[in-house]
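For reference, the structure is listed below as structure tokens.
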């Protein structure tokens, strides 16, 4: 391999600038850590932590960085298509950008943001001291981080994947995508996917087994329900991705014939495997969003959630249906009337439970005392915008009509109308809502609302024109078009919206900075007057979460205890058992990263050596004897006093 | 750590119970993984291009030996766990060693089978059918290989530390894993080999 194939920046000023900025960023982080003498702190408090709250914060931090990366990709795409015959990006660069935008936004932004919120909140919400397997949780995070890192360096070393985020064969085969880009795709998603699968197992066990005494199924908060269902989907969907990616790697690097065009291979097998995982994946990122909105709407309408049981039933129904609709992603690929009809009907059926949820939220708002806080504004905007996304989804679900919409900008507009008000609004709303729980102070409401209006209006300006462009026949993934098509003005409008969205996110980040410096510190632990158990302890949350395990006898037990001046538990303090920190997950994920990187370039000997290192770490863990440690009663008393006294 | 004396050793602590449930859920994910591989195999089983078909390469004798070895090993690990529950460390270790030896034997025959295929010109690159077959068998074989190392590590710990709640828990979870590999093999035997040899 020649160096100019290895480093891809040669000759392209934009890639060169990206590389320089990455190097400068890395150097400044190293210098900064050394100058402020923070290496030991970083290692002790973050890199080795097994605390679910800190792991959650790290997930969200990475998600925000990835939001920036994916957002820059989006701006470049919209910039390129803003004018006919634009020369900002060439075709190859455009292909790489839309591929990485899709992969990063779904797998390295939406997923970790949701998993981050889940990590921070779920153990608190069910009254547990941590997740079931704290060490495994740390492994999950670091595997995800290794995968994200591996995917992102493809940009400057070897070349990014360029076959779309769905990487259809034969386009993604070695013959048509000869760079290492799709090797990066397969291996980085493989590593991050392993982490996600472990998260799935961890949270299913946590929610099944570690709920506070008395919290029966129907007394679980709605976010907990949504996360439980999501993680069950993860456990059954991610192995399919594991297999699909492994087959991709083997086809590209070992010459197997799974998706080949000759020797009996079947390229459509990839599309099926990808979407058998890919469609449940859509619900993995949307169901927790539904949970977050349920919590927020109920809190700020000052009412209990309307139709709790129907919410649960509809989420279970959605999770089952999510596994039987995958073929609607490729109606036009010729699998016959019967198959198309079945998948068309099952797809439309999903609109029913989703509609039930929309009505439940509306009826929760009905006659509520609504306070228009930032998280509530996002939740209120979500309902109508998401409904537009849902209705266009039903349009796309009709197989015969889909022949008209397939692969046009109409589809692009549809899924952005579902994923942005659904997932992105939910995680931002959740971020504003739970921020005081983690850090002990609220984000500034004025800046929050300013950001909300920028994001919501710009979102519609950016994406609504795409519906019309799609109906006018503009296909997705075309890097340029001629002036005579007439697509120019609406694309320019969409670009303006994209810039506005970018400004909205900058306001969001500025708000974090501003609030860290100036926001008044909240001593109360329950700034929103909220309903569920995470607000029953101090903010920021002490390492052991709850000094005494709360006892639950009804839904929203904390709310009723608060209103009736009752304690959730008055047991005496007992020593609390805690897991000890470990650097092993971090180091092991380093071995995963190195093995993956070498495998991308088919450097098999070092790849095997690093793979052996992974197994050595597993063996070390097996022989390790670690029973954690205890926090004594005196220490609990001291901590509780420092945090402002006993909590209910 | 609270130890509940009324339960078997492997279930006796809260942590142990969580680990066993977690492993069952992991096995659920493994079922999804192997189901996908089976689905791929069934899709591609008749797409052998210019290469050999299933009927041309499958030979029953080595497959029968593999089946007998693996099914027996599933029985002996069951005996091992029974001995563990009776607190018989030595008997438990003996049964585990027998299990691992049988697993090693299975792996040896499987490697021999693969070498035979390759010598007959049926490699993983020859056709989609062979890619799917060898990936399915290979994934199962890699699981067995991993199990051999894992089982050995657990045996060393039992020998050194005796039957504690931790080692009993690890041994029990390993036995779940081993039984699972056996179940997968039964499906491979029935729906890959027997079905492949069937003359319709």
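Placed from the backbone N, Cα and C atoms, the Cβ positions cover glycine too.
Because the structure is a prediction, the values reported are computed rather than measured.
According to TrEMBL, the features are:
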- B:1-197: domain 'Heme-copper oxidase subunit III family profile' (DOMAIN)
- B:21-43: transmembrane segment (TRANSMEM)
- B:63-81: transmembrane segment (TRANSMEM)
- B:93-112: transmembrane segment (TRANSMEM)
- B:132-156: transmembrane segment (TRANSMEM)
- B:176-194: transmembrane segment (TRANSMEM)
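For the transmembrane segment (B:21-43), the most Cβ-contacting stretch among B:63-81, B:93-112, B:132-156 is B:132-156 (pairs under 8 Å). Within the chain carrying the transmembrane segment (B:132-156), a Cβ under 8 angstroms from the stretch's Cβ atoms is held by residues 33-34, 37-38, 40-41, 43-45, 54, 70, 93, 96-97, 99-100, 103-104, 106-107, 110-111, 114, 117, 124, 167, 170-171, 174, 177-178, 181, 184-185, 188, 192, all 6 or more beyond its ends. If one looks beyond the transmembrane segment (B:63-81) by at least 6 residues along the same chain, the residues whose Cβ comes under 8 Å of a Cβ in the stretch are 91-96, 98-100, 102-103, 105-106, 109-110, 113, 144, 171-172, 174-175, 178-179, 181-182, 185-186, 189, 193. Within the model, the domain 'Heme-copper oxidase subunit III family profile' (B:1-197) carries an average pLDDT of 95.
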